[in-house]
Amino acid sequence: MPRVASVAAVLAALLPSALGQANTSYVDYNHEANPDLFPQCVATIELSFPDCENGPLSKTLVCDKSARPHDRAAALVSMFTLEELVNNTGNTGTGVPRLGLPKYQVWSESLHGVYRANWASEGDYSWATSFPQPILTMAALNRTLIHQIGDILSTQARAFSNVGRYGLDTYAPNINSFRHPVWGRGQETPGEDAYYLASTYAYEYITGIQGGVDPETLKLVATAKHYAGYDIENWDGHSRLGNDMQITQQDLSEYYTPQFLVSARDAKVHSVMCSYNAVNGVPSCSNSFFLQTLLRETFGFVEDGYVSGDCGAVYNAFNPHEYAANESSASADSIRAGTDIDCGTSYQYHFTNAFDEGEISRQDIERGVIRLYTNLVRLGYFDGNSSQYRDLTWSDVQTTDAWNISHEAAVEGTVLLKNDGTLPLADSIRSVALIGPWANATTQMQGNYYGPAPYLTSPLAALEASDLDVHYAFGTNISSTTTAGFADALAAARKADAIIFAGGIDNTIEGEALDRMNITWPGNQLDLINQLSALGKPLVVLQMGGGQVDSSALKHNTNVSALLWGGYPGQSGGTALLDIIRGVRAPAGRLVTTQYPAGYATQFPAIDMGLRPNGTNPGQTYMWYTGTPVYEFGHGLFYTTFEAKRASTATNHSSFNIEDLLTAPHPGYAYPQLRPFLNFTAHITNTGRTTSDYTAMLFANTTAGPAPHPNKWLVGFDRLGALEPGASQTMTFPITIDNVARTDELGNRVLYPGRYELALNNERSVVLRFTLTGEKAVLMKWPLEKQEIPPAA
């Protein structure tokens with residue numbers, strides 16, 4: 001992350017004289033993926049609220065609670081001078097002191113906990129709950145859990161904002177899809193599936209954060225990011241700031257934008273962030289096709305929703321993209337294309353010049369600022385203590401309920417990849433050797449984008465608090481090639497009844513601005529695991545980190561008893577992992593990414609955005625991959641056995657006419673394709689001896705429509721809680737018309753006649769077949785890609 005300047009430096013930088021100065025120092029952003037930003041961009045500031053009782057604004061329309069939010073905001077902005085207007089177009093706005101309008105910081109974060117807050121050094125407001133990274137939370141396959149986390153995050157954020165320590169909007173969630181396994185920021189995402197996983201995560205997180213679906217009073221403004229085609233940091237020297245991603249309209253519609261469609265159309269997100277990269281030659285923040293044609297006209301983005309550029313992305317349209325001739329033109333292009341707020345300083349530095357040159361009008365500038373302040377009106381920013389969430393305090397942050405949810409997410413997301421019966425550990429195991437670079441992890445468990453947590457329970461701390469004897473040895477580092485710690489590790493292992501190795505990857509080799517060049521276990525961790533396995537004792541390996549590594553060697557080593565994937569588990573990570581290992585809880589998570597063999601990472605360039613297989617590309621994601629994975633997308637074992645039987649109300653081999661489906665009444669659904677037309681119902685019985693949750697993924701497949709055909713695609717998931725031995729429950733998946741549509745070469749969503757299958761999990765334990773008849777039908781027409789940046793208004 002960029003360095004954060006002091007508040008004093010920010011205030012000095014925000015003087016109007018400073019904002020009129022241009023940046024003339026250019027960095028080669030084609031190779032530098034994470035340069036420092038200007039101090040006024042990255043600073044945290046003390047939030048304060050306008051005084052609508054006795055302040056200068058008290059008699060103006062913006063303080064009239066009975067007026068429409070847009071009208072209140074427009075009345076406020078109409079009072080700004082041009083200089084004042086320009087000064088409030090960046091993420092760090094100066095406010096308007098003469099009107100009693102405080103400065104405001106748009107840039108706050110809440111990926112998996114409150115972040116970029118004005119933290120107290122100790123005591124109240126010095127920490128917030130740290131949840132697992134989204135990729136682990138998504139592996140739990142629990143919608144309710146995602147929504148709860150969003151709700152808790154916004155409650156804690158509002159408590160911080162009420163005392164001036166946080167803003168009222170947040171740059172989260174990250175809903176890009178984890179397309180290629182080397183991507184450093186995949187840990188921040190819900191996994192590799194765009195259509196169902198990322199879209200569901202987006203919906204639940206956004207509605208949790210914002211306080212519902214477009215509520216009258218917003219709780220917090222969520223920002224769906226990064227729009228669009230952003231999933232490479234610095235792979236092989238390709239900087240995220242200068243990447244020009246070549247994406248077909250088919251892939252753009254099918255894979256890179258459906259989660260943004262759901263965010264805008266269904267969840268009613270109030271902010272979207274355009275990304276650093278270009279797509280098909282046009283930088284995202286200067287892309288009118290993305291920001292107007294798709295987002296507003298096709299996806300139905302809320303009228304007063306605002307688009308924020310990623311931090312520095314407006315400037316990047318000039319350097320390194322060279323799409324604009326200079327920074328002033330880059331700013332003019334971006335505001336007219338639809339980027340309302342610049343997370344950066346380009347707008348503030350260059351709008352006055354662009355206005356003088358006739359490149360933009362006051363109306364162009366006002367549009368984005370009005371949208372921002374309309375949202376602040378809906379957040380209660382101008383409503384004083386009567387605002388719905390102004391009574392939230394520190395007592396709403398320090399709740400054990402939030403801590404319990406964090407622990408639950410870590411438990412539910414943990415995935416059992418391999419087990420020979422060693423797990424859960426038998427009661428006869430009284431001593432354990434804990435070895436490896438994750439064994440004593442604390443902040444390591446938080447991944448990236450994290451703030452101070454109330455506590456961080458490492459695996460070592462959790463074990464030492466148990467009734468087991470613990471023999472700890474570091475063994476080796478994440479990327480170490482020295483064997484200096486091997487002897488101590490082996491000595492500790494010889495003293496113990498069982499061995500736990502905690503390793504994998506972490507933010508030293510994956511993260512923002514940091515991609516991997518391979519997907520092998522780094523350093524000499526596998527060498528140490530192999531030597532430990534030769535001791536012939538029960539050996540449990542914890543594979544940690546967001547991205548997958550090729551664990552073929554562990555899968556096939558019969559002396560490796562069990563393998564768990566634990567992601568970045570957050571503040572309760574050690575306790576959660578120990579609960580799984582000892583059988584206090586049973587694992588039921590499923591992989592939300594494919595674990596590929598190591599050769600996949602070098603088989604084709606990671607910047608190849610094509611999903612479908614071709615002569616050099618074996619296909620990307622579980623939908624299109626033609627090879628054999630180490631562990632499949634959706635893989636996950638249990639401590640018990642389950643039997644799944646079809647109990648569907650729809651008869652197998654049913655037939656549906658396409659025209660009838662689309663012309664049938666659809667009350668409660670804005671679009672006919674969102675109406676369920678059949679239910680897939682499975683009867684699940686715990687046939688084993690251990691109480692366990694049960695998770696399932698439902699996949700569709702067909703040979704209808706044009707080739708190539710996907711292997712399958714996800715149309716549902718669910719989680720049943722705590723099935724006791726012998727107990728049964730049913731899980732029902734409503735199947736919508738859109739669920740079984742495909743995307744044609746033009747990007748249209750099309751329903752094709754033909755035979756279809758719905759299958760439960762990779763094992764296909766329950767299968768339902770049906771046929772669609774009649775003529776194919778376009779469900780959503782993808783617009784023609786063209787750039788039409790309007791002239792200055």
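Quick reminder: no glycine exception, Cβ is built from N, Cα and C everywhere.
Swiss-Prot lists 1-20 with the feature signal peptide, giving sequence analysis as the kind of evidence.
Taken from Swiss-Prot, the feature N-linked glycosylation site applies to N23 (among others).
Classification of N87 (N-linked glycosylation site) by DSSP places it within a helix. As annotated by Swiss-Prot, N-linked glycosylation site applies to N87 (among others).
Secondary structure at N142 (N-linked glycosylation site), taken from DSSP and collapsed to helix, strand or coil, is coil. Feature annotation from Swiss-Prot assigns N-linked glycosylation site to N142 (among others); the stated evidence is sequence analysis.
Per Swiss-Prot, active site is recorded for D310. In this structure, D310 (active site) belongs to neither helix nor strand by DSSP; it is coil.
The Cβ neighbour count for N385 (N-linked glycosylation site), using a 10 Å radius and every protein chain shown, is 10. Classification of N385 (N-linked glycosylation site) by DSSP places it within a helix. Annotated N-linked glycosylation site per Swiss-Prot: N385 (among others), in sequence order.
Look at Swiss-Prot and you will find N404 (among others) tagged as N-linked glycosylation site, backed by sequence analysis. Around N404 (N-linked glycosylation site), taking its Cβ as the centre, 12 other Cβ atoms fall within 10 Å, counting all chains.
Cβ-based neighbour count (10 Å, all protein chains) for N440 (N-linked glycosylation site) stands at 16. Classification of N440 (N-linked glycosylation site) by DSSP places it in coil, neither helical nor stranded. Summarising the annotation, Swiss-Prot assigns N-linked glycosylation site to N440 (among others).
In the structure as shown, the Cβ atom of N477 (N-linked glycosylation site) sits within 10 Å of 17 other Cβ atoms. N477 (N-linked glycosylation site) falls within neither a helix nor a strand when secondary structure is assigned with DSSP, and so counts as coil. The feature N-linked glycosylation site is assigned by Swiss-Prot to N477 (among others).
Around N518 (N-linked glycosylation site), the C-beta neighbours below 8 angstroms that are at least 6 residues distant in the chain are V182, A598, A601, T602. If you look up Swiss-Prot, you'll see N518 (among others) marked as N-linked glycosylation site, on the strength of sequence analysis.
A C-beta separation below 8 Å, combined with a sequence spacing of at least six in one chain, links N559 (N-linked glycosylation site) to S533, A534, G536, L539. DSSP assigns N559 (N-linked glycosylation site) to coil in the three-state reduction, outside any helix or strand. Taken from Swiss-Prot, the feature N-linked glycosylation site applies to N559 (among others).
Annotation source Swiss-Prot lists N-linked glycosylation site at N652 (among others). Same-chain residues at least 6 positions away in sequence with a Cβ under 8 Å from that of N652 (N-linked glycosylation site) are, in sequence order, R646, L768, R769, F770. Annotation note: N652 (N-linked glycosylation site) sits in a coil segment as assigned by DSSP.
Note on N679 (N-linked glycosylation site): other Cβ atoms within 10 Å of its Cβ, all shown chains, come to 13. Marked as N-linked glycosylation site by Swiss-Prot: N679 (among others).
For N701 (among others), the entry in Swiss-Prot reads N-linked glycosylation site. With a cut-off of 8 Å between CB atoms and residues at least 6 apart in sequence, the same chain places H709, P710, N711, K712, W713, Y756, E757, A759 near N701 (N-linked glycosylation site), listed in sequence order.
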Which one is it: of the recorded positions D310, N385, N440, N477, N679, whose Cα lies the shortest distance from the Cα of N142 (N-linked glycosylation site)?
N679
For N404 (N-linked glycosylation site), what is the secondary structure state per DSSP, taken as helix, strand or coil?
helix
Please list residues from the chain of D310 (active site) whose Cβ is under 8 angstroms from its Cβ, counting only those at least six apart in sequence.
K225, H226, M273, C274, S275, Y276, C285, C343
Using Cα positions only, nearest of the glycosylation sites to N404 (N-linked glycosylation site) (N87, N440, N477, N679):
N440
Cβ neighbour count (within 10 Å, all chains shown) around N87 (N-linked glycosylation site):
26
I need the CA-to-CA distance for N679 (N-linked glycosylation site) versus N87 (N-linked glycosylation site), whole Å please.
54
Counting distance between Cα atoms, which of the glycosylation sites N87, N440, N477 is nearest N385 (N-linked glycosylation site)?
N87
